[in-house]
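Shown next, in structure tokens, is the structure this report addresses.
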Amino acid sequence: MRSTRLSPPSLRRSVLAAAVVALTAAWCAAAQLSQSYYASTCPNVETLVRGAVTQKLQETFNAAPGTLRLFFHDCFVRGCDASVLLSGPDDEHSAGADTTLSPDALDLITRAKAAVDGDPQCANKVSCADILALAARDVVSQTGGPNYSVELGRLDGKVGTRAVVKHSLPGAGFDLDQLNKLFAANGLTQTDMIALSGGHTIGVTHCDKFVRRLYPFKGGRGAGGGPPMNLYFLRQMRQTCPLNYSPSAFAMLDAVSPRKFDNGYYQTLQQMKGLLASDQVLFADRRSRATVNYFAANQIAFFDAFVAAMAKLGRVGVKTGSDGEIRRVCTKVN
């Protein structure tokens, strides 16, 4: 019987063809996005979402970093399709890092959806995925960051699977190669990755994500394991996170200006005060240090790079046609 195994050249052509098909499909999906997508169907959508964001941030600052993180997690797991919002025993936010997504951020999106659908002209015309993208922009601008245009036209996904969460998101201990590999899989460069990491300028993290950098553990690399940490800062963090720390204990990721969206995050890394190993490695590794130094010295350059990276992130895994829908309730499929 003749073998059906592809020869190496044929195999390469087959893989290349599959990649081209996948990239073409992704490009076509992203091509439907437009800054004026709702110009005729819901012209006030941005005002409505912005109002909900403003109201929520007046109640709690926590919604700002939480919403930005929510958008990032959504796009990296199955694409920017609001699947992260689905609520069920097998849905994304019941697995891995998604179990710590901010309740305040989820409430913000619920409120924004209600505000949009409360406008008779907009009811059931705007996707939860687009509302999340707009809210992410608004929390950035309302905490001191850039105000930028957002491409719209995403549909909401119909599936959320917890099994894919673990391998889709960066880990707190990732090194530069691991970070670059994961971001490249989503069409993002090293510069994009460093710029998006700058979102941690208003971010928080719980003790369990960095406690191994503070204390020696059996079988571990000891206190300060991973990239080096400022000794005074290490002692300070041991007070915040003692060995018997509370599961709810947390610390700010930006030691310079934790409640303002600026370039203080990069200055934090220069001072060797990065809590997460995956943050501090951006300065510790010579291949990425120059970009960290550049953003630390030039906030406008950081803002420009962040806006460009957010646009690229927002095009990841966009759903079209029968693959998506406009959910009536963001937490469940229609």
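Backbone N, Cα and C atoms are what each Cβ position is placed from, and that goes for glycine too.
Sequence annotations record features per position, and here TrEMBL assigns signal peptide to 1-31. What TrEMBL lists as disulfide bond is CYS42-CYS122, CYS75-CYS80, CYS128-CYS330, CYS207-CYS241. Annotation source TrEMBL lists substrate binding site at PRO170. Taken from TrEMBL, the feature heme b binding site covers HIS200. According to TrEMBL, the Ca(2+) 2 binding site annotation covers THR201, ASP254, ASP262.
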CYS75, CYS122: which of these disulfide-bonded residues has the sparsest Cβ neighbourhood within 10 Å?
-> CYS122
Under 8 Å by Cβ from CYS241 (disulfide bond), same chain, sequence gap 6 or more = CYS207, PHE210, VAL211, LEU214, ALA249, ALA251
Among CYS80, CYS128, CYS330 [disulfide-bonded residues], residue with fewest other Cβ within 10 Å = CYS330
Residues satisfying Cβ distance under 8 Å from the residue listed as 'substrate binding site', sequence separation of at least 6 | GLN178, LEU179, LEU182, SER278
Between ASP254, ASP262, which of the binding-site residues has the fewest other CB atoms within 10 angstroms in the structure shown?
-> ASP262
Relative to the Cβ position of THR201 (Ca(2+) 2 binding site), how many further Cβ atoms are located within 10 Å?
-> 30
Spatial separation of ASP254 (Ca(2+) 2 binding site) from HIS200 (heme b binding site) - C-alpha basis, Å = 7
Taking only the Cα atoms, work out how far ASP254 (Ca(2+) 2 binding site) lies from CYS42 (disulfide bond), in Å, as a whole number.
-> 37
In Å, rounded, how far does the Cα of THR201 (Ca(2+) 2 binding site) sit from the Cα of CYS330 (disulfide bond)?
-> 28
CYS330 (disulfide bond) and CYS42 (disulfide bond), distance between Cα atoms, whole Å = 18
Other than its own, how many Cβ atoms are within 10 Å of the Cβ belonging to CYS42 (disulfide bond)?
-> 20
Which of these disulfide-bonded residues is closest to ASP262 (Ca(2+) 2 binding site) if you go by CA atoms: CYS75, CYS80, CYS122, CYS128, CYS330?
-> CYS75
